[in-house]
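J.: The structure follows.
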Amino acid sequence: MDQLFNRKYIIQGLFVLLALILLGKLFYIQIATDKYFVNANSNALRKIYVYPARGVILDRNNKVLAQNQPTYDLLVTPKLVKPFDTLSLCQIIGVDMPTFREKLRKATVRSRYQASIFQKLLSVQTYAALQEKMANYQGFDVQKRTIRYYPDSIASQFLGYMREVTQTDLEKYEGYYKSGDYIGKAGIEKEYEVDLRGTKGVTHMLYNARNVAQGRYADGKLDSMAISGDQLTSTIDSRIQKLGEELLANKVGSVVAIEPNTGEILAFVSSPGYDPNKLVGSNFSNNYRDIFANPNRAFVVRPIQGGYSPGSAFKPLDALIALSEGVVDPNTTFNCPGYYIAGNRRFKCEHVDGNTALRWGISRSCNTYFYNIFAKMMTKNGFSNTKQQAAYEAWQNKVRKFGIGDTLGIDFPGEKAYKLYRAKDYSKIYGKYWGNTTIMSVAIGQGEISTTPLQMANIMAIIANKGYYIKPHVVKAIGSGRKIDPKYKEKHYVGIDAKYFDPVIDGMQDAVNTATGTATESRLRDIIMCGKTGTVQNSRGKNHSVFIGFAPRDNPKIAIAVIIENGGYGGSYAAPIASFITEKYLTDSLSGRLINGATLQKYKDANLLPVPKTIKPIKPTSKTDSLKADSIKKAAPKGKTNVAVNNFNKEAIKPKNNATAKQ
Amino acid sequence: MQQQSNRFFYNVDWVTILIYVALCAIGFMNIYATEYNPDIAIPLSKAKYIKQLTFIGSGLLIGFVILLLDAKFFSVFAPIIYGTTVFLLLIVLVVGRNVGGNQAWIAIGSFRLQPSEFAKFGTALLLARYISSFNVKLTTLKPILICAAIIVLPMCLIMLQPDAGSMLVFLSFMFPLYREGLSGNLLIIFWGMVLLFILNLYFAPSILISSILILGALFIYYNRKKQQKIISISIITIIAIGYLFVAKFLFNNVLQQHQRTRIELILGLTKDNKGAGYNVIQSQTAIGAGQVTGRGFLQGTQTKFKFVPEQSTDFIFSTVGEEWGFVGCFVVIALFIFLLLRIINIAERQRSSFSRVYGYCIACIIFFHVFINIGMAIGIMPVIGIPLPFISYGGSSLWSFTILLFIFLKLDSNRMGFI
């Protein structure tokens, strides 16, 4: 039997070998892969999320700008669906049968056991109709959640909007969001998403194979309560925000108002706007498309994304630097014969101002005066190109201190820097040989300089503060007692002594408050407004109307910049609009006065929207000064535009004689 | 001597009994875990773990009774025991209760008995008796045929229930026969046929036939000088091809649809995650969820919340896998392998070939159950619904394995005597 005895080992060996096969497979499914582990958790363990209320957004006077309203989602758990009257359900939720079947099929593919969203954002009415018959629809369920509601329908671009998270968002925010969640996508809703959203609550529930809840996992030790989002108190004053939006109706432009001593933004108007409530709820896609189709680009946040040459509004800054450098004093005069000769070029001035000193120069917006002081600044160390270029470099550094040429760092997404050339940028264009005459237009805020309305308003805040600014910001308080970022409390000094500001402010006061001033349209009854108009040359159509200013002169409360595209002279639209807004802000009322013989209502009604002359293929113009960075997908009037003809424009507002000839 | 051998535990292999108790205890714990629910109290009278406790208790009682009997009893009464179990298999076809499509149960009061479980030790005893009888050599045809008849008779009766799982268990008797001298070639031919049967499902007949022909031609070419071999190779080739058709016919016409589905699932021929494949997927998921050390006793979510069907019986191993992890699985498999190797070692030390054959029989039966049961829980064997010895819930199977094992222990305790 020796030979047969060996068979024992064959049989024992077989046992061990097959046992090792079992262990090998066990090793694979238990240790080598976590596929089964993950499946097991999705089998039995389910996270039930409780959505917190999103933080409310208030204006500076605690008036509600954004709040929440209830909406309802219809959920379906395919496994639990029993045959029912599908047609009635289709009618209630407003889908047709094929769509219904397709949705049910998709839900089944997602999961037979887990509830998924069948129809989103049902209205309260639909919900009410549905609720009566819910018992008939087994496997369907309604989940309440909240969406935004903007009571005043104002400040659309300021508040922004929310939409469903994208794949990118899901990856970016490390698992907080899940598919179907909403996230702030623009404006305050985006910038303060983390504060506003709060924290989702989560309940870990165990489910058995029949999808019946079996209680909390680990006795609820991992569960958490939903924490409501923080309330945001914005710096906006909804009274002037609303007035600003009304005044800019049917116009393209922007209003930015800043409280100078805090940097808080009081008004943030971008026109055209839209009703923020349109980007809420089930019509989001259609409305989004419509708004996007607006040829004047309603989604552009003009206060921080619109780029405009400041034009004459740049002159006070010019003067400040000249004074601080000592190339002129307030009494230095230049003769203005109506033009300025630089080299062999002759620059026009709009009027003959005679012997012009600083105060007169600003109030009359005399180009010749500013060409002269610019030339003096550029040549103060000598006339050689190198010396002039060095002088320019030093000069533009001082301009930069005013927040031009770079972003200001507002707590708002999408801010643009726009441009201010450095010496080397000019050298790229002109080579080695350029001097003050080459770049003379910068002296009057034209040419290679452009700013956002926010930057312009900020310059006014600097002048109002006589030498410093606080980074403009839109939120003054988060939640109860949480401080905002300390960087929005810091004073940024521009490096110019306070004493140089008075003569400039005098000039701006005269521009508004003397009969010969260029900004008399902005004059207020009992308040001294200081300001400066600008008429910005626009290569694509009628000039842009610009006004910047602050009020009152002593202890200023508001610094403002108004830009009305294609508005013509600064005094035509920008100055009156600034005047109304400032009056409303400072006195909380409107006196009903006429400006240029027109009522407030006339200004609101004025239509300055560009209308396309002809629609033909447009050659991209490489040298434009505004908004060229934003792409636009339709045959918008990029080339020639014409201002809409309306009687009001022709007749009602005729700038007074003394204001007609100004730059 | 006579006095000593009549005592309860004289010469009994305590290690085997300890492993037996350990496995029963593991079974009890895991059955308790499958039912455990802190929120819903199950009345004790209905609780499976209480029932299992009575099965274990009565099983031990049966075991002691067996140890009380004279060792010669089993050898002498083997034909009667075999006859009785075969009779029960016949009875069950007439009066049996149909549970889950199989007419496999005889109801006695509230108890249900599964004769196919008891047919295992009946067959083992008669096989041992026959092989150990004088002048039987498994190298000649007649004894082989008689052995085959002893094995195939209960198989056929069980197939009539029909309970393919329990029927296939009887294939494990092949290995004791091999130990006693059955040609290894027969085993190779048999498993070769099984392999062909499986390949038959994977590949088109034309491919299989042509590859068998090519293989045959190659063999003939290498043995072209030996005429005898050429003939036998030709015959084998022809038989193999004929077998392909028979196998196809068997598969399509003899097997039940659910068995076909299970075989196809395990071979990866069809995918069905919610139907018949559901059991395996859920069982694998539960076991995989255990990872290295398991979720802990009573912490399994898959097994507790009824994701795995047949939780306490056929798929009890998934509870072990989920709550005790790889470590627990390893321990259970190691205990079984230790037990089986020990049984074979004990069998080899027997003087009487009856005891030795019987020992091999039970080792192979237990191993077959263990391998198939765990294999189906982890998805490498078709789901044929046979219990995990000593661990699965159920009186018939626990008693049957207890009787199998304790008869062997009794035989071993008497290894010095003659049977």
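Each Cβ is built from the backbone N, Cα and C atoms, and glycine gets one as well.
Got these off TrEMBL a minute ago, pasting:
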TRANSMEM  B:12-33  transmembrane segment
TRANSMEM  B:53-69  transmembrane segment
TRANSMEM  B:76-95  transmembrane segment
TRANSMEM  B:143-160  transmembrane segment
TRANSMEM  B:181-199  transmembrane segment
TRANSMEM  B:205-223  transmembrane segment
TRANSMEM  B:230-251  transmembrane segment
TRANSMEM  B:324-345  transmembrane segment
TRANSMEM  B:357-384  transmembrane segment
TRANSMEM  B:390-409  transmembrane segment
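Buried or exposed, and what's around them? Tell me for each listed feature.
T.: Residues of the same chain lying 6 or more positions beyond the ends of the transmembrane segment (B:76-95) and with a Cβ under 8 Å from any Cβ of it are 103-106, 113, 115-116, 118-119, 121-123, 125-126, 128-129, 150, 153-154, 157-158, 160-161.
Counting residues 6+ beyond its ends, the transmembrane segment (B:181-199) has Cβ neighbours under 8 Å at 137-139, 144, 174, 208, 240, 243-244, 247, 250-251, 267 in the same chain.
Below 8 angstroms of C-beta separation, residues 193, 196-197, 200-201, 205, 208-209, 212-213, 215-216, 219-220, 223-224, 260, 263 of the same chain, each at least six residues beyond the ends of the transmembrane segment (B:230-251), sit close to that stretch.
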J.: Taking residues 6+ outside the transmembrane segment (B:357-384), which of them lie with a CB under 8 Å of any CB in it?
T.: 74, 120-121, 123-125, 127-128, 131-132, 164-165, 168-169, 171-176, 179-180, 259, 262-263, 265-266, 276, 279-281, 283-284, 287, 314-315, 317-318, 321, 333, 336, 339-340, 343-344, 346-348, 350, 392, 401, 404-405, 407-408, 411-412
